[in-house]
Amino acid sequence: MDMDQLKRQAAARALEHVRDGMKLGLGTGSTAKHFVELLGEKVAGGMKVVGVPTSEATRAQAEACRIPLTTLDAIDRLDLTVDGADELDPALNLIKGGGGALLREKIVAAASDRMIVIADDTKWVDVLGRFPLPVEVIPFGLAATQRAMATAFAQSGVSGQMGLRKGRDGHVFVTDGGHWIVDAHLGRITDAPHLAGLLSLIPGVVEHGLFIGLASIAVLAGAQGIRVVERR
Ligand SMILES: O=C[C@H](O)[C@H](O)[C@H](O)COP(=O)(O)O
């Protein structure tokens, strides 16, 4: 079974948690894309749900699938968000933002009663950090922000190269919110909650890709089948 089939399996399992009438956060990325597609089939079959997309890409896909959409301004809370991740650890802390959607993803996840993470099992790690940590920043004062980030890394016992993300066209990658992304190659983030707190204090940092305490369930698809992990 190839990676894409595993992602679809995880998405299909998460879909079992969706009930008629739910308000859903719709994630971004190649795994969440399967969930949106499968949800679209349910909606075509008569299921009544409403979704809040976490990116313009997901909005376009959800609209094409005819999934009714709303905004966080129009509703109070979401029942459930289903989203992918770049890495997840045994505490169900995550690294997200490989696709650049981390800011809206975190706003939506934080407004949800539950978040289910769907992934192939290669994303599971003992310690976060093998995947470069995306940090969404304001373009103004980039060098000062990166210096403050380096200090936060040192205070958290990590270090590594930082790189401004470029798009496929070679230009600086710009997020849906009009910001830039610095990818930090840290290797092992031994205290992710501590680093998350420090990064959140930096004025030029809009948001970072550490999702601490937001995911309630992970659905991991691998060659041996599906493993469901619940946050303790
Ligand atoms: O910004 C992108 C998101 O955080 C994605 O959920 C994450 O990068 C995982 O994407 P994929 O399912 O394509 O590996």
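Backbone N, Cα and C atoms are what each Cβ position is placed from, and that goes for glycine too.
Among the features that TrEMBL reports, active site, proton acceptor is placed at E105. Taken residue by residue with DSSP, E105 (active site, proton acceptor) is part of a helix.
As annotated by TrEMBL, substrate binding site applies to T28, G29, S30, T31, D83, G84, A85, D86, K96, G97, G98, G99, K123. Long-range Cβ neighbours of K123 (substrate binding site) (same chain, at least 6 residues apart, Cβ-Cβ under 8 Å): A85, D86, E87, L88, L220.
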Could you check which of these binding-site residues, T28, S30, K96, sit within 10 Å of E105 (active site, proton acceptor), going Cα to Cα?
T28, K96
